[in-house]
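Pulled from TrEMBL, these are the features on record:
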- B:CYS86: active site, nucleophile (ACT_SITE)
- B:HIS195: active site (ACT_SITE)
- B:GLU197: active site (ACT_SITE)
Amino acid sequence: MYKVKVFVTLKNGVLDPQGKAVKGALHSMEYTAVHDVRIGKYMELEIEQLDNIEKTVEEMCHRLLTNPVMEDYRYEVEEVITP
Amino acid sequence: MKFAVVVFPGSNCDIDMFHAVQDGLGEEVEYVSHTTTDLTGYDAILLPGGFSYGDYLRTGAIAQFSPIMAAVKEAVEQGKPILGVCNGFQILLESGILPGAMKRNEHLKFLCQNVQLKVVNNESMFTSRYEKEEIITIPIAHGEGNYDCDQETLDQLKKNNQILFQYEGVNPNGSKENIAGIMNKSGNVLGMMPHPERAVDSLLGCADGLRLFQSILTYWREKHVITS
């Protein structure tokens, strides 16, 4: 079994209205050192043993988990030993 | 003319869409479940607004893999008129039938209000009953209508006159180039955030949306009834 951690972020240059609002809130809390906030998504997938897990994960990211028009992603694959 | 209103789990403007066609336009219309795989019996396909699959992951992201979407893509290829409103627009973007993507509204608020639109192109099957540059009033109701695309896509949209509607005056959601509605290059698929189906009778406050449906009917009659 594998545990796959997928991190989805907005592409550079795509304005992030949520990040902007959170930055404004942090500034109003006097964390004025915060220069920028960008909000993304984190997903955990448990996947059965596969021959080419990277290829499958890339495919899933491209087809459903992210919108390639405006999002980038990276992922980590961990092998999980099930008792 | 026979219209299909596709019902996804979480659609909530399907009934408005149904009645806009049945009572506003006076044409035949049926609800079609997202599990249907055949749309050959319909002349036009309407993808209504709502929150398909709870807007989980991204708006329209999961609906793009509904069984019916293969049939919708077939209808796109056949040149049938396809109209996606609000969540229907988001589904058309996610499935790649229309270019670009949707982001949260600039000020993060869900907006439910009348807006003014400019008819940028009145030479499409969706807008022939409007005047060019005419200003019309249609309501919006969305939290994610902030249309975005890269410069190359925007240049293409402009070059091919694919932008049908732009917000006039105030841009409510921050969309690129004030875009409110775009069609595909072939001209038979329209995606728009404003709800023409909610503006088909002056009793509803406004009837400017009715001419969009009448334009589709005019196109269909010219193509099928007069020539046969």
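Including glycine, each Cβ sits where the backbone N, Cα and C put it.
Annotation for B:GLU197 (active site): spatial neighbours B:CYS13, B:ASP16, B:MET17, B:HIS19, B:ALA20, B:GLY24, B:PRO48, B:VAL85, B:GLY209, B:PHE213, criterion Cβ-Cβ under 8 Å with sequence separation of six or more. On a Cα basis, B:HIS195 (active site) lies 7 Å away from B:CYS86 (active site, nucleophile).
Secondary structure from DSSP puts B:HIS195 (active site) in coil. Taking the Cβ of B:HIS195 (active site) as reference, residues of its chain lying under 8 Å away and at least six apart in sequence are, in sequence order, B:CYS13, B:ASP16, B:GLY49, B:VAL85, B:CYS86, B:ILE138, B:PRO139, B:ILE140, B:ALA141, B:GLY209.
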